[in-house]
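According to TrEMBL:
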BINDING   Asp154, Glu155, Asp290  divalent metal cation binding site
COMPBIAS  120-129  compositional bias 'Low complexity'
DOMAIN    69-103  domain 'SAP'
DOMAIN    148-382  domain 'RNase H type-2'
REGION    38-67  region 'Disordered'
REGION    102-139  region 'Disordered'
SIGNAL    1-21  signal peptide
Amino acid sequence: MIRRLLTHYLVLLPTPTTTTSFVFSPHHRHLIRTMPGHRRSARLQGQPPSALTALPQKRSSTTNDINDLGSMKVVELRDMLNKRGLPVSGVKSDLIERLTASSDSPAASNKSKRTKSKTTSKSSSTTDSYCLPRTREHQLQSQQQSSLLVIGVDEAGRGPLAGPVVAAAAIVPTDISGIIDSKKITKEEERERLYEELIDSPGIRYAVAVVSAERIDEINILQATLEGMRMAVEGVMGVRSISSGDDNVASAKRTEVSYIVTGGVGDDVDTTKATTAATTETTSYHALIDGNKIPKDMPCEAESMTKGDGREYSIGAASILAKVTRDRLMHEYDKMYPEYNLSQHKGYPTAAHMSAVSKFGASPIHRRTFAPLKHWEFDKNGKIIGDKKS
């Protein structure tokens, strides 16, 4: 019986150094060694391709699932970026954002697209029935005798080579299904839907601070991010004067180095003028800030929360507000500077983006202090004229 089964199978056993293979022969009780070019018997040559069983090929390390990036070491992430011709500077979260943006580009492999599609489906099904908990928010409120409003704070756009960094602060009393870390919501239309639900939800207060590339180059990206977070919290609390009417909107046409827009603010706070301490003394505020740093001169008590956008509801809500606001701005900038295709990569340094910068130079919204731009000299029109002299 065994001998009859063996007549239908050819088992290839490749070795690391040669193309030598071995075949089972039904006529002999030993393995026959075959070398390249060796003529097999007519019986073996007649076997259909489906009868040949090959060992599975080892998966290439360059095809890592995008979902595995968080568990990788920084040196591994930088190696992946280097192989794609992308900048390798920044902290781990910046490297992951850069690789994620690169995987979204048209040049990504079909395999990456299939992987992303599976991830998207999983994320969409998750956001349909789940939202982040309010664990820390409830802890704080249980410890407070007077009324306490918890403000979630997050940012979007620290890693890109172009465009502003946007910080958002939000008080969201209503639970909305799907509020999770915006980075885990892979469909832009899904983020847009949640954004609209958020700003229309009862009792919401939110503010978004937009800090320009010019300001980022002036004080560095970390300080610009912290400044934007503080401004957004001030906007929610009403302790900073905010433009009203048509000026209270995020727009690529605005020329300020930084500004705030607000929405959903209750009648007890008038954001067109700064409030006094007496106005807010009956209500206290506490800010939960994503990350590991707290901005200086915060107008209320605050604490940082590492990976807070994936742990706390109000921070997750702020992450969606910041992300959608910035994405909308980048779509506007794409119409102003179409040669960079900003709507595709949102300013992240993908290979296509870097190629456009090499060809067209830097636009007014490119961050000149970010690598590789900081190593180049530009003329008044943004064209590259050479390497910067040390």
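Quick reminder: no glycine exception, Cβ is built from N, Cα and C everywhere.
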Neighbour count, 10 Å Cβ-Cβ cut-off, for Asp154 (divalent metal cation binding site): what number do you get?
31
Other residues near the divalent metal cation site, CB within 8 A of the CB centroid of Asp154, Glu155, Asp290?
Val153, Ala156, Ala167, Ala168, Met229, Ile289, Gly291, Gly308, Asp309, Ile315, Ala318, Ser319, Ala322
Tertiary neighbours of Glu155 (divalent metal cation binding site) (same chain, Cβ under 8 Å, six or more apart):
Val165, Val166, Ala167, Ala168, Thr225, Gly228, Met229, Asp290, Ala322
Helix, strand or coil at Glu155 (divalent metal cation binding site) [DSSP, three-state]:
strand
Assigned element (helix, strand, coil) containing Asp290 (divalent metal cation binding site), judged by DSSP:
strand
On the 0 to 100 pLDDT scale, where does the domain 'SAP' (69-103) sit on average?
77
Neighbour count, 10 Å Cβ-Cβ cut-off, for Asp290 (divalent metal cation binding site): what number do you get?
26
If you run through the domain 'SAP' (69-103) with DSSP, how many residues end up as helix, strand and coil?
25 helix, 0 strand, 10 coil
